[in-house]
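Feature annotations, reproduced from TrEMBL:
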| type | residues | note |
| --- | --- | --- |
| DOMAIN | 23-64 | domain 'TECR-like N-terminal' |
| DOMAIN | 139-292 | domain '3-oxo-5-alpha-steroid 4-dehydrogenase C-terminal' |
| TRANSMEM | 69-91 | transmembrane segment |
| TRANSMEM | 144-163 | transmembrane segment |
| TRANSMEM | 178-199 | transmembrane segment |
| TRANSMEM | 220-245 | transmembrane segment |
| TRANSMEM | 251-268 | transmembrane segment |
Amino acid sequence: MKHYKECQDEIVEVLDAKTREQLYPHWYPARQALKLDPKGKLLRDDEILQNLPVGTTATMYFRDLGPQLGWTMVFLAEYIGPLLTYLLFYFRVPYIYSHRHAFTSSPHPVVTLACACHTFHYMKRLIETIFVHRFSHGTMPLRIIVRNCAYYWGFSAWLAYYINHPLYTPPSYGDLQVSYALIIFVVCELGNFSIHLTLNNLRGDGELGRRYPVPTKNPFTWLFFFVSCPNYTYEVGAWLSFSIMTQCLPVALYTLLGFIQMTIWARGKHKAYSREFKDYPSLRMAIVPLIL
């Protein structure tokens, strides 16, 4: 801890990364945090000390956030794993299934289609991470990255194991079920991409959080009329259609867990929009139109 009165005048005004690096040179800025109370919230990097609830003196408590990794690298790590893991099962590498099934292709066309859809989904995510997304926070703790990667990589391996299993049976309603599910999947993937482009354009002027997203001329964005986070709505729709296409229980479970998590994120974003903007549309729900 350190009294800010003891600091030089030029580093008292703003708690930016440069200031923290001067105060604590043994930790790089991304893993440093300051707060006024040991049990209080962390101060933001753009906090101005004279606007904080302190008197002529104040005690700053330092917290080491631990090793950090940039958000771009976080998402690359999370998405490259499932992409490659699934392909290992699809190409039947040795020691995954029995020896007589190694390097053999599945007789069911839906297996190849599922691999194409899964690969497309994560390739799209990687492209969005590199060229589309803009991140409001610089880093994520390394311990959380390990947990997230275990979740994505583990589920990818689990569902890939069953979909590409030599004893896998195709959907009950055959090509009809697969075809309709594929159409929904493509629509949801295009919708998800359209929403991400819209959000990126909203942040293009650097005024993050000062405007809420609205529908554009792109029909895929019209879902903004009904929900605050249509990107999550489309994401859930894509995985739901993938579950129907493959008729695989692990995929359905993965979809359910993803829906629960995305609902939590969407409700948080919805509440933030409602608090910040007095004219925020009352018709909008968080993730499911008219319901949730």
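The backbone N, Cα and C atoms fix where each Cβ goes, glycine too.
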Segment-level pLDDT (mean, integer) for the domain '3-oxo-5-alpha-steroid 4-dehydrogenase C-terminal' (139-292): 92
Chain residues outside the transmembrane segment (178-199) and at least six past its termini with a C-beta under 8 angstroms from it: 110, 113, 117, 120-121, 124, 128, 132-133, 170-171, 213, 216, 218, 220-221, 223-224, 230-231, 233-235, 237-238, 240-242, 244-245
Within-chain partners of the transmembrane segment (69-91) [C-beta distance under 8 Å, separation at least 6 from its ends]: 103, 111, 115, 118-119, 122-123, 125-126, 129-130, 133, 135, 137-140, 142, 145, 148-149, 152-153, 155-157, 159-161, 163-164
